[in-house]
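Engineer: Right, I'll just put the structure down here and ask away after.
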Amino acid sequence: MSTNSDNDKIFQEVQKFVKNYDLNKDGSVTSFDIYRSFLKKMDGDIFKASQAAGVLCSTVDMDHDGKFTYQEIAKYCADEAKKNVEQNAEIAALADVEAMLLRFDKDKDKKLTKTEFVEYFKGNGHTPYSDRDQVLKIIDLDKDGCVSANELQEWFKKRRIDYARMVSARGPNC
């Protein structure tokens with residue numbers, strides 16, 4: 001379910017896209033507008049402008065009618081946001097792991113035992129699954145009964161990427 005914040009961000013990205021490429025300020029964007037915008041940004045280099053416009057147009061204009069609808073631009077913006085999340089998922093997951101270990105790894109061995117892991121769920125006030133053991137089994141890839149920093153990082157990274165895919169697949173909710 002998208003939030004007003006999600007819709008506001010997508011709307012802002014669409015507005016930014018239109019502002020950047022709608023040179024004649026008629027409120028719509030066509031493939032010619034894209035080309036002219038790139039031509040201006042690339043100091044009149046016809047070849048580079050044509051190439052860049054072709055790539056962007058083939059990416060955004062899904063029905064190939066030469067015009068960009070709100071849905072097409074919003075999907076493009078959502079896909080770009082997803083790419084950014086995927087590119088940053090590794091770094092963000094590492095920060096998540098460090099914060100989690102700092103708070104719950106009582107013996108500072110860079111692993112969470114079942115007892116330490118259960119503390120995480122108690123602190124959150126809920127469990128995404130009915131059985132905490134099931135969650136531990138999902139994250140504990142080497143099945144040693146503990147969750148290592150690497151296993152946590154993979155789990156956090158996967159959750160971030162899955163979320164980005166879900167947001168992108170959902171598209172705008174207007």
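Heads up, the Cβ atoms here are built off N, Cα and C, so glycines get one too.
Pulled the feature table from Swiss-Prot, pasting it below:
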- 9-44: domain 'EF-hand 1' (DOMAIN)
- Asp22, Asn24, Asp26, Ser28, Asp33: Ca(2+) 1 binding site (BINDING)
- 60-83: domain 'EF-hand 2' (DOMAIN)
- 92-127: domain 'EF-hand 3' (DOMAIN)
- Asp105, Asp107, Asp109, Lys111, Glu116: Ca(2+) 2 binding site (BINDING)
- 133-162: domain 'EF-hand 4' (DOMAIN)
- Asp140, Asp142, Asp144, Cys146, Glu151: Ca(2+) 3 binding site (BINDING)
Engineer: When you look at the domain 'EF-hand 4' (133-162) alongside the domain 'EF-hand 3' (92-127), do they share 3+ Cβ pairs under 8 Å, ignoring any pair fewer than 6 residues apart in sequence?
Structural biologist: yes
Engineer: How many whole Å apart are the CA atoms of Asp22 (Ca(2+) 1 binding site) and Asp105 (Ca(2+) 2 binding site)?
Structural biologist: 53
Engineer: Which of the three DSSP states, helix, strand or coil, fits Glu151 (Ca(2+) 3 binding site)?
Structural biologist: helix
Engineer: According to DSSP, folded down to helix, strand and coil, what is Asn24 (Ca(2+) 1 binding site)?
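Structural biologist: Asn24 (Ca(2+) 1 binding site) sits in coil per DSSP, no helix or strand.
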Engineer: Tell me which of the binding-site residues Asn24, Ser28 sits in the most Cβ-dense spot, judged by other Cβ atoms within 10 Å.
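Structural biologist: Most Cβ neighbours within 10 Å: Ser28.
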Engineer: Provide the three-state secondary structure of Glu116 (Ca(2+) 2 binding site) computed with DSSP.
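Structural biologist: For Glu116 (Ca(2+) 2 binding site) - judged by DSSP and reduced to three states - the answer is helix.
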Engineer: Sequence gap of 6 or more, Cβ distance under 8 Å: name the residues on the same chain that satisfy this around Asp105 (Ca(2+) 2 binding site), in order along the sequence.
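Structural biologist: The answer is Lys111, Leu112, Glu116.
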Engineer: Report the nearest neighbour of Asp109 (Ca(2+) 2 binding site) in space among the binding-site residues Asp26, Ser28, Asp144, comparing Cα positions.
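Structural biologist: When the Cα distances are compared, Asp144 comes out closest.
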Engineer: When DSSP states are grouped into helix, strand and coil, how many residues of the domain 'EF-hand 2' (60-83) land in each?
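Structural biologist: Its residues fall into 15 helix, 2 strand, 7 coil.
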Engineer: Within its own chain, what residues at least 6 apart in sequence put their Cβ under 8 Å from the Cβ of Asp33 (Ca(2+) 1 binding site), listed in sequence order?
Structural biologist: Tyr21, Asp22, Leu23, Asn24
Engineer: Counting only other Cβ atoms and using a 10 Å cut-off, which of the binding-site residues Asp107, Asp109, Asp140 scores lowest?
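Structural biologist: Counting other Cβ atoms within 10 Å of each of the binding-site residues Asp107, Asp109, Asp140, the minimum falls on Asp107.
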